[in-house]
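S.K.: Sharing a structure with you now.
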Amino acid sequence: MGILPRSNMALHTNPNIFHYPTSADITNNSHGSDWLWAVTAFFAFFTCGIIGDSYLVPRRARAFHYLAAAVSVVTTINYFTMASNLGYVAIFVEFVRDKAHVRGDTREIYYVRYIDWFLTGTLLVLATLLTARTPLPIMLWTLFLTWMSVLTLLTGALVASSYKWGYFVISILSLFGVVYNLLWTARRYAARHTSAISRTYLSLAAWLSFMSLIYPISWGVSEGGNVIGIVGEMVFYGVLDTVTRVGFVGLLLWGHRQIDPAVLGMAMRDYGEDEIVEKIHRAGEVAPAEATAGGVVETA
């Protein structure tokens, strides 16, 4: 009986030859840059709006405002970088096409976008899970899956061969894990709290899950499949980022206006405040109204 020949083609598909293009054929233009500057300005003003809104609530209830502001700040820096024609590398495309906007052998891949996704994805998922007061192990596992979904997409975008689609599949599977934990596992913890918490959590989880599933489509027609040009890529991602993050922040801040942060263990101690707030923070429940002048809660 003969021995079957080896079928491992990895070294043939990905040979030990490195190509570092000094420039890209498929690039952004002034129209794309103008769009990116517009998105940058929008999120800069949006950040100011979040900070201004934080002064309308007590300082001890601003934890989610800080998370929302961080998302907006990172987004602003990302779009500022791309609008400045920075934060990218030139990578050989797998599919060479004839259309004018995608003609060429190399394409700009904006790695700064994935840095944005890594940071903002963490913040968005964290804000959602904190709303349900999700246990730490589940929270860490969900965040790990979030990081995997982003980092594997980045790796795939930087790979010129068909092996990029292997990373794409891993990213999709990781994203499904995130969606499952948001819509099923953590939702059950949210349901144990008040109707305001349950309602706010469900709106956040549903919105984030739905919008997140659109991102692989954008990746597939841009960095992955080289179907649309850089300007189309920027418009697609720009609209997607804006709708996702503005919608999420709106739901987050509006929903938490009806939620006592102490119930979630998220109440912060203000300047000169007595020890009651610290007790509330640790217990995660409303403390008795009776307290001594020294700030110690009376017990039976």
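Just so you know, glycine gets a Cβ as well, placed from its N, Cα and C.
According to TrEMBL, the feature transmembrane segment maps to 35-57, 64-91, 111-131, 138-159, 165-184, 196-215, 235-254.
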S.K.: How about the transmembrane segment (235-254) with the transmembrane segment (165-184) - do they touch, taking at least 3 C-beta pairs under 8 Å (6 or more apart in sequence) as contact?
M.R.: no
S.K.: Within the same chain, where does the transmembrane segment (64-91) have neighbours whose Cβ lies under 8 angstroms from its own Cβ atoms, ignoring anything closer than 6 residues to its ends? I mean 6 or more beyond.
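M.R.: Distant Cβ neighbours of the transmembrane segment (64-91) are 21-24, 28, 33, 36-37, 39-40, 43-44, 46-47, 50-51, 53-54, 57, 106-113, 115-116, 119-120, 123-124, 126-127, 130, 157-160, 234, 238, 241, 245, 248-249, 252-253, 256, 266.
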S.K.: State the non-local partners of the transmembrane segment (165-184) in its own chain: residues 6+ outside its ends, Cβ under 8 Å from one of its Cβ atoms.
M.R.: 125, 128-129, 138, 141-142, 145-146, 148-150, 152-153, 155-156, 159, 205-206, 208-209, 212-213, 216, 219-220, 224
